[in-house]
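Taken from TrEMBL as is:
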TRANSMEM  106-128  transmembrane segment
TRANSMEM  148-167  transmembrane segment
TRANSMEM  174-190  transmembrane segment
TRANSMEM  202-232  transmembrane segment
TRANSMEM  244-265  transmembrane segment
TRANSMEM  350-369  transmembrane segment
TRANSMEM  378-402  transmembrane segment
TRANSMEM  408-428  transmembrane segment
TRANSMEM  435-456  transmembrane segment
Amino acid sequence: MSTADTARRRLWASATGVASGVLVHLLVLSDLSFDLFRTATTQGFASNFFDIQANAFLDGRISVPAGSLGIEGFVMGDRTYMYFPPFPALLRLPVLWATGRPGGNLTLLSMALASIVFVVMVVKLFWLVRDVLRGHGTPVGRGEAWLVGLYLAAVIGGTTFTFDVSLPWVYHEVYVWAVALAVGTLYWLVRACLETTPRNLTWLGAFALATIMTRSTGGIALCIAIALAVLWLRRCRPDVPVVLRRWMLACAATPLGVSIVYNMAKFGTPVLFPLQNQVWTEVNEQRRIALAANGGKLSGPQFFTSDADAYLNPAGIRFVDQFPWVTLPAEPARSLNGAVLDQTYRTGSITAFMPLLCLLSILAMVFLWRRRAASETWLLAIAVLGGVLVTSGVMSYGYIANRYTSEFVPALVIGGAVGTVALSRVLARIPPIGRVAVTGGCAVLVVFSLYAQWAVSFAMVATVSRGDDLYRYVSLQHRLTPAAQAARVLTTQSVVPSGGRTDDLMIRGNCDELYLHTGDVYDPWVTVEQRDLVLDLRPTEIVRRGSIELFTIHSPRDDHRVSLETDGRGQARLVLSDSEDELSSRGYWFTFIDGTRVTLGARTLTELGVVTVQSTPGGFAGAVPAYGWSQDWQGSPSWTELSPAIGDTTRTGVDVTRRDTPAPALCASIRAAM
């Protein structure tokens with residue numbers, strides 16, 4: 001095969017794999033919309049943290065405004081800090097400076113940029129690994145090209161990296177960048193060892209610095225790998241000048257030093273951050289219990305078995321008979337061997353959701369061991385070890401979440417690359433029917449991973465973003481699997497949903513509300529639809545000066561009352577107040593006209609998490625939370641209770657009646673299918 005043919009086959013394999021993976025990746029990233037500035041929630045919570053940090057940098061300080069980070073802020077004296085390292089914030093500086101600030105909706109664009117970096121570095125890393133193991137210019141067979149395409153599709157669209165881009169907020173953005181930069185660091189590590197030039201070392205140092213300033217634990221792991229690579233240079237390439245070996249050592253030491261200095265400036269410690277100073281610790285009892293049980297820390301070997309069970313257990317997946325058929329385990333990750341965890345969520349394992357890459361990585365270990373006499377093998381082993389060390393942070397952490405499986409992606413990328421090359425060599429020695437069978441099996445696993453990541457991402461967006469996303473999710477379930485969905489519908493007359501299992505639907509009353517069970521401990525029920533509350537107000541006689549309570553919107557921590565205030569001169573307005581009679585808002589005065597009625601409406605906007613109150617005439621009067629948190633931060637939807645006083649016309653001379661309103665369309669359709 002000519003050099004040109006080899007180049008074309010490389011290009012074909014890369015393009016096919018990248019296109020397949022990117023297609024799924026873009027579906028998740030875009031959420032089937034063209035909104036480049038969408039946030040994880042309509043309110044934008046946690047989607048603007050890096051923008052806040054960038055604005056603080058432009059003001060010449062590290063600390064951010066008090067209260068701007070909510071429960072995620074770390075209060076050190078009179079200053080508030082963000083615990084995330086600053087690299088994604090630094091990327092925003094040119095944009096915020098050029099646009100005059102303050103930003104707040106750049107997360108999706110940032111994750112898109114990280115995705116480009118990831119795709120480029122994955123492709124470059126694979127072909128570099130292949131050249132190390134097979135030799136540069138070695139022809140690429142047709143079967144090998146298919147394997148390469150499948151590998152690239154699995155990495156780009158079938159890993160937690162794709163799940164991460166589903167929610168544009170800080171919790172996921174930091175992992176999108178951390179994974180992309182870690183893979184880039186591994187590439188430049190291998191490249192700089194093979195071609196130890198100032199240019200390659202500069203790129204290695206830049207990626208290592210960016211990695212540690214995005215995710216410190218992962219960056220530290222890669223700095224260790226770089227230090228080991230210096231030893232490899234000294235042993236296997238004694239021709240490399242000492243000054244270049246020292247330069248490579250500086251590529252590890254400098255990022256580590258910068259990270260330590262930055263963390264010291266914020267928290268006074270080299271690596272860790274003081275969890276006792278986080279606002280979340282002040283408000284959450286479980287966090288305080290976990291800290292007390294673990295000596296004031298949430299890291300240590302006592303968490304290893306719990307983490308391993310969550311992240312490595314092949315049973316860490318669930319297949320159901322309703323759309324989307326593949327989902328996360330029904331229960332949050334469990335604590336093992338007496339470990340006291342902080343927070344724990346439904347978490348899929350890497351072995352269940354990324355089976356092909358796990359199998360390829362196991363094959364890579366065997367392959368490298370059998371070739372351990374070659375010096376290049378030890379170089380790749382160092383890179384693989386660096387990827388594995390990246391996982392050390394989450395494998396010893398008392399907080400379990402699905403996004404944390406992102407930490408395994410760099411190891412699966414480098415391990416999968418070695419395993420793909422090894423598998424292609426094995427297939428070249430077996431009969432054609434065997435090659436077709438193995439390649440077909442790999443294709444099935446890739447398609448499964450692509451679909452599984454899309455499915456869990458689609459469900460996660462629905463329950464976090466809510467509103468139209470949640471309605472679309474439940475509606476698709478109803479259209480595609482109506483019988484299976486109907487079998488999981490519960491009914492209740494209780495004002496607050498309780499009990500139930502993951503993915504259950506609950507209808508309250510006569511389709512007054514429709515809820516979905518998320519399976520989470522802290523946020524079990526979310527509102528899909530709620531019937532509008534409409535009251536008709538008619539003057540029965542001369543409107544007197546006074547006030548009458550119309551209804552109360554109850555939530556776990558506070559109640560909000562909606563009252564009608566009249567002035568005795570034919571005018572009235574709506575007044576919203578909390579349980580302590582503190583005024584929330586007032587509507588505009590409107591005039592009662594003889595023979596006409598005034599309509600008052602309360603509508604729940606699930607995407608905003610509020611109940612809006614307005615009247616016609618009079619207009620918008622205010623909004624109150626449609627969701628609340630108890631003292632121990634258990635989430636629950638609000639509910640509305642009519643006041644018994646609405647039938648008393650003697651107070652104001654206004655007759656108040658409730659109008660029958662149609663049941664929400666989706667709820668009515670689901671109830672009819674039961």
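Every residue number used here counts from 1 along the chain in the order it is shown.
Positions of Cβ are set from backbone N, Cα and C atoms, glycine also.
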Suppose I define contact as three or more CB-CB distances under 8 A, residues 6 or more apart in sequence; do the transmembrane segment (350-369) and the transmembrane segment (202-232) meet it? no
Cβ under 8 Å to the transmembrane segment (378-402), counting only same-chain residues 6 or more beyond its ends: which ones? 129, 132-133, 160, 163, 182, 185-186, 189-190, 193-194, 215, 217-218, 221-222, 224-226, 228-229, 232, 236, 290, 294, 298-304, 306-308, 310-311, 328, 332-333, 339-348, 364-365, 368, 372, 408, 410-415, 418, 456, 460
Against which stretches of its own chain does the transmembrane segment (106-128) lie, if we need a Cβ under 8 Å and a gap of at least six residues from its ends? 10, 14, 18, 21-22, 25, 29, 35-40, 47-48, 50-51, 88, 91-92, 95, 148, 151-152, 155-156, 161, 164-165, 168-170, 172-173, 176-177, 179-181, 183-184, 186-187, 190-191, 194, 413-414, 417, 420
